[in-house]
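Asker: Take a look at this one; I'll ask things after.
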Amino acid sequence: MGGGDVTQEEAALEPRRVKGRFAPSPTGRMHAGNVFSALVAWLVAKSQGGSMVLRIEDLDAERSKPQFIDAVQRDFETLGLTWDEGPYFQHDRTDAYEAAYVRLCERGLVYPCFCTRADLHAASAPHHGEKLVYAGTCRGLTEERRAERAKSRPPASRLMVPDDCIELVDAIQGPYSQNLAFECGDFLIRRSDGAFAYQLAVVVDDAAQGVNSIVRGVDLLCSTPQQMYLQNLLGYPHAEYAHVPLLVAEEGRRLSKRDHDAALDALLARFGSPAGIIGHIAGITGIAPTCDPVMPEELLASFDLNTFAKHLPDKVQIRWH
Ligand code: GLU
């Protein structure tokens, strides 16, 4: 056996190495909210001796722009948010998504859905938060009816969900549970144009890339039960989740990619340097005691996820001036 080999006993004793991920969608430059979740993802993994994967989520070919693929990687580098593996690209992973999709179809859990966007809005009340609950309109169609509908419209594919609660304890948000049937409904795993849906792709990728620590914005918390359900069906392990609060603009308005004053160039102009941006975000979110300029590396020694989570408000207001 070579010197670097690890025996089975040693492997069993070794604590599980944390592997986090950055999963940007290349639909725009990084903004303050992305910087915050990326910083926390990096600190969680690196403060425990773990590693980071970079995955470019370019599943949506129409919205993903080549110029942003480069720009977003430069944004991470500029901010000192390093990665150890990747970039992996979702556009290279169609075969893996297809294989998972076929496994779900073979279990009889997938059905074609012909609903238009308008149908969905009309039939999807009540809303659960921002989420539309699918009413199951196409679940019970007969084979004849499906064949007939398919003549005028290519179907999307939905995964049937049971009347079960999926529960998790989020490292920041605490206990969270969702009844899949009542709070989510059968959900899309493939769009009518053939593209695989985010929920399926992200689960297949996280499993294949060995990601076991997922830190992202709280807007994705309500997707986590769907992803955990897919992990159950596909025999993948669950990750540890931490959903960071939203950064809001002064009036409490949610920041988005359309807020140009929150995009990285504007942040650089405002805060003077990458360390200025990181320092500001670390200060207002309680990662650091002050808003003084600092790079991620310098925050490692004092970072502790539990302490950070305990003192974090529901929403963090960004203070531009
Ligand atoms: N690609 C998604 C985004 O940029 C993140 C998906 C995830 O973290 O699961 O919003």
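Just so it is clear, glycine is given a Cβ too, placed from its N, Cα and C backbone atoms.
TrEMBL labels come from automatic prediction, so no person has curated them.
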Asker: For the annotation region 'Disordered' in TrEMBL, which listed range does it cover: 1-24, 121-144?
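Answerer: Feature region 'Disordered' in TrEMBL: residues 1-24.
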Asker: Of the candidates E57, E62, E77, E148, which one does TrEMBL list alongside R21, F22, A23, P24, S25, Y198, R216 as binding L-glutamate?
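Answerer: When TrEMBL describes the L-glutamate site, the candidate it includes is E57.
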Asker: Pick from 84-88, 254-258, 294-298: which stretch is listed in TrEMBL under motif ''KMSKS' region'?
Answerer: 254-258
Asker: Select, from R21, F22, S25, C115, Y134, Y198, each of the binding-site residues with a Cβ positioned under 6 A from at least one atom of ligand 1; if none does, say none.
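Answerer: Among the binding-site residues listed, those whose Cβ sits under 6 Å from ligand 1 are S25.
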Asker: Determine the Cβ neighbour count for C113 (Zn(2+) binding site): the number of other Cβ atoms within 10 Å of its Cβ.
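Answerer: Around the Cβ of C113 (Zn(2+) binding site), 26 other Cβ atoms lie within 10 Å.
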Asker: Starting from the L-glutamate site formed by R21, F22, A23, P24, S25, E57, Y198, R216, give every other residue of that chain whose CB sits within 8 Å of the mean position of their CB atoms, in sequence order.
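Answerer: Leaving out the recorded residues gives R55, I56, V202.
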Asker: List the Cα distance (Å, whole number) between C138 (Zn(2+) binding site) and P24 (L-glutamate binding site).
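Answerer: Cα-Cα distance, C138 (Zn(2+) binding site) to P24 (L-glutamate binding site): 33 Å.
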Asker: Counting only residues 6+ away from its ends, which parts of the chain sit with a Cβ under 8 Å from the motif ''HIGH' region' (24-34)?
Answerer: 56-60, 63-66, 68-69, 71-72, 75-76, 79, 217, 246-247, 255-257, 259, 262-265, 267, 277, 281, 318
Asker: Near S25 (L-glutamate binding site), how many other Cβ atoms are within 10 Å of its Cβ?
Answerer: 18
Asker: Using the Cβ centroid of C113, C115, Y134, C138 as the reference point for the Zn(2+) site, which residues of the same chain not in that list have Cβ within 8 Å?
Answerer: F114, D119, L120, A135, G136, T137, R139, A156, R158, D186
